[in-house]
Structure formats: structure tokens, C-alpha cells
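What Swiss-Prot annotates here:
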ACT_SITE  Ser164  active site, proton donor
ACT_SITE  Tyr193  active site, proton acceptor
ACT_SITE  Lys197  active site, lowers pKa of active site Tyr
BINDING   Lys56, Asn108, Lys140, Tyr193, Lys197  NADP(+) binding site
Amino acid sequence: MVFGSRPPALTEANIGDQSGKVFIVTGATSGYGLLLSTYLYQNNGTVYLAARNAKKTAEVIADLKQRFPASRGRLDSISLNLSDLSTIKKSAEEFLAKETRLHVLWNNAGVMFPPAGSTTSQGYELQLGTNNVGPHLFTKLLYPTLAATAKEAPKNTVRVVWVSSDAASWAPKPAIDFNNLDYRRNESDRSKYGRSKAGTVMQAVELARRARKDGSGIVSIALDPGIANTGLQRDMGRLMSTMVKLIANKPEIGAYTQLFAGLSPEITAEVAEKEWVVPPGKIGCPRRDLFTDTETSRKWWEWNEEQVKAYL
């Protein structure tokens, strides 16, 4: 989705003082995640950069501290590999050993069009495992802390933000094929990626429903950051990469969209069950079955629960 004439609702210039708030951004060392982390830190937020490469994360933190010496925020790192479920509990514990509050979790990390046959450590197709199963486990492990924070924070301000894509519309109907989650019957690259991003939306919506029912006060919202030339496209072919460059927004637009999803007062629990966020930061209409097919969402959530239970 290409950004038109409407200016972003929230930017680094107007999100206000984030002092006292604790955030986690996954995939925080490049692309949208890096920009988002930058905006939060320069406005005095405590930001945990969750990423795989510890050396790169340390370099990013050092750079941000040098660029924004006046920030009263704090930066820290979490080693996070979403493609290996056996490591994710340790990642969550790394955070929980330091913090008792968490205001917003941005599930931003993901993969797109990896080499054919790529799988996670547990054997899931790489996009399914990294974009869906891994974030499910990480979110589940942090959920009690989010819920505890929501009891003290203003209503609708504690959130889980799930970064999907307009590519969710590429998923065939029904969006989740429970008889082919191992892809023993091969599908196109477009279909596999689309299903993973449709799955992200359905995880967000199902968590929103469950959070309302359990009274936790957590808002769970999905978003489409738009098209930008970020590190996510590193495994695309040359033709696709060229097309992306021709139609892409600046990466800042995707980061502003994420700011809106995580911080805008327009986002409420009621909105999150019915709509998602689109560039450059506004409530938009997604593919409707991803929100209305409650039976598939429930089964999808329960399938993910089954996959992660051995790693809690």
C-alpha cells in the first residue's frame, strides 16, 4: 500500500514524553524495528531491542546513545531467535529478570520469501515458524507481565502489536489450511508468505478476543506497515526487489504506522477486534474473513498453543 497525501498521525516529533514506559521491539536492528526503537528512545522510553545478532544489537545501542545524548530513556538488548522455540523462554526470562512492567510489545520481526526448503530448528516452514509460532510463544511468556502492567496503566495503553502485511490478502481461502501446515503439498512462495501474514492477523484478533474475555485489559492489534525497501526483502529475486524499490514508501512511514498502532489513543480493545492499522497511521479495513472467521481463528490459536506447550 503506497502512502498518499495524508500526513502521519504520530511521528517522533509528537508522540510525547515516553518516560517510565517499557517497550520491546523484535527485529529491532534494521528496517522498521530500528526506526521504531529510535523514535521511542529519543522520546525517553525504555526500549529493549530483541534481535538475533548480539554484536549488531550492541552497535545499534551504542549508536543511538551517541546520537541522542539528551535522552532520559534506557536501551537494553534481548537475544531472540524466533526460529528456534527452545531458546525463546530464555529470551523472555532475560527481560523478566530486569523488568516487572511491559507497556507495549511490538512483534515486528519476520522473514519473507526465504530460500526454498528453509525450515526452523523444529522443522516448521521458516515463515510459518518465525512469523507465527515463535511470536506466539514469546507473547505467551510475556503475557502475565503485560496483564499486570495493564492493571496499573491507563485503559487501552498496554498493547501487543502484530506486524502483518497487505500480503495477508494473498492467502487462499480459508487463510489457514490445517491439513497442510507442514506444506507436504507444496504451495507457491506467494501463498506461503500470505498465509503466514494472514495468520499474524488472526493471532492478533484472537488474542484481542481472549484478552477481553479474561479482563486483562491488554489491547492486541494487527497492522500493515506498507511497502518499503527494508532488510525483509533480502531473499527476494532481482525482479521482485526492483519492483519493490519502484513502489516503496520510505521506511519511516512503516515505523510511523507502528507508532500509531502502539501509542495512538484511537486504538481501543473494541477497534482491535474489528480493524487493523494501515499507513501512514490510521485505522483501516482488512480482508474481512481474517476478522470474522472466528472458528478458524480459534483453531489457529489452539494449534499454536499446542506447538509451544513443550517450551513454556
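Count begins at 1; order follows the chain as displayed.
Note: Cβ is positioned from N, Cα and C throughout, glycine not excepted.
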Request  = Measuring Cα to Cα, tell me the gap between Ser164 (active site, proton donor) and Lys197 (active site, lowers pKa of active site Tyr) in whole angstrom.
outcome  = 5
Maximum Cα-Cα separation (Å), residues Lys56, Asn108, Lys140, Tyr193, Lys197 listed as binding NADP(+) = 27
Key: Cβ contacts of Lys56 (NADP(+) binding site) (under 8 Å, same chain, 6 or more positions away)   = Thr29
Remark   = recorded positions considered: Lys140, Lys197; fewest surrounding Cβ atoms within 10 Å belongs to Lys140
Ask   = Does anything in the same chain, at least 6 positions from Tyr193 (active site, proton acceptor), have a Cβ under 8 Å from its Cβ, and if so what?
value = Met112, Phe113, Gln127, Ala167, Trp170
Ask   = Could you tell me the C-alpha distance between Lys140 (NADP(+) binding site) and the residue listed as 'active site, lowers pKa of active site Tyr' in angstrom, no decimals?
value = 19
Request  = Could you find out if DSSP has the residue listed as 'active site, proton donor' as helix, strand or coil?
outcome  = coil
Note = For Lys197 (active site, lowers pKa of active site Tyr) and Asn108 (NADP(+) binding site), the CA-to-CA distance in whole Å is 12
Request  = Take the Cβ of Asn108 (NADP(+) binding site) and count every other Cβ within 10 Å, whichever protein chain it belongs to.
outcome  = 26
Request  = Reduce the DSSP letter at Tyr193 (active site, proton acceptor) to three states and note it down.
outcome  = helix
